[in-house]
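First comes the structure, then the notes that go with it.
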Amino acid sequence: METLTQLHKRAIKEKWAMPHFNFSSLEQLEGIIDALRETKSPALVGTSEGERDAMGLKQVVALVESFRKEGIVVFLNADHSHSVDAAKKAVEAGYDSIHIDLSKKSFKENVEGTREVVKYSKKINSKVEVEGELGYLVTDSSKIYKEKIKIPEESYTKVDEAVEFVKETGVDRFAPAIGNLHGIAANKPVVHFKLVQELRKSLPDDLTLVLHGGSGINDEDIKRLVSMGVNNIHFSTELRVAYTEALREELKEKPEETAPYKYLDDPRKATVEIVKQKIALFGSAGRV
Ligand SMILES: [Zn+2]
């Protein structure tokens, strides 16, 4: 099986993007895996700190590993680790990939913490990929905002800082703030394409450029970002919404049903559908 890094490099060359889907239940993960099996797409699946606390670090690692043994090309990411300590625990538990997100700290603290995670992770497993983040997203993935969200100018990633950050930390993947946000807002995010273009031009050719907060960005913008060399895209909120709406519907329709595996089947199927739609946008189908 190709390593995560080999796949990301191929994605840059072939102009597609590696999907990243978050999960916090077995049925969500099964839905994602079913879609990968059907479309022959690789993917990263991720758990935030809250998601991995809920499911258990070792348990999540074992689950993903079990699907990989069946031939599914899937890797596990410790999404948005907000401390060096949380990142180290995930790599020790066997995660394939670490996202260290110190973007709310000062530039200096972000560089130092991220560099420490890169060094520590590669020592434990040389194949582990590490992602760093610079510039910050103003919102939360668990929310559907009724109001419009304005993105403050100072939260955008600055190109010169990005170049220095990548050089100083040695990260494999870089997540910038380019107008994207977590969750879904009343207004559509305005993607700063020129900034994406400058970042892609200024950063190393083989560096993976990551888009967080894919939910809420329109399909045409996602396709354009992929064509510009954004080769890793995160979706969480839309998957959560599809799952939860299907679950509410099912419970309403069958108030007598008490077997979880029965009423969780529709939410799983809803997950398969939304994941397949995203895979079609990323061009990642048939790549493995
Ligand atoms: Zn994110």
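Cβ atoms here come from the backbone N, Cα and C positions, even for glycine.
What TrEMBL records for Asp79 is active site, proton donor. The Zn(2+) 1 binding site annotation in TrEMBL covers His80, His182, His212. As annotated by TrEMBL, Zn(2+) 2 binding site applies to Asp101, Glu133.
Cα spacing between Asp79 (active site, proton donor) and His212 (Zn(2+) 1 binding site): 10 Å, rounded to the nearest whole number. Inclusion criterion for the binding-site residues His80, His182, His212: a C-alpha placed within 10 angstroms of the C-alpha of Asp101 (Zn(2+) 2 binding site); this criterion is met by His80. According to DSSP, His80 (Zn(2+) 1 binding site) is assigned to a strand segment. Cα of His182 (Zn(2+) 1 binding site) to Cα of Glu133 (Zn(2+) 2 binding site): a distance of 14 Å.
With respect to their backbone Cα atoms, His212 (Zn(2+) 1 binding site) and Glu133 (Zn(2+) 2 binding site) stand 10 Å from each other. Among the binding-site residues Asp101, Glu133, His212, residues whose Cβ is positioned under 6 Å from ligand 1 are identified as His212.
According to DSSP, Glu133 (Zn(2+) 2 binding site) is assigned to a strand segment.
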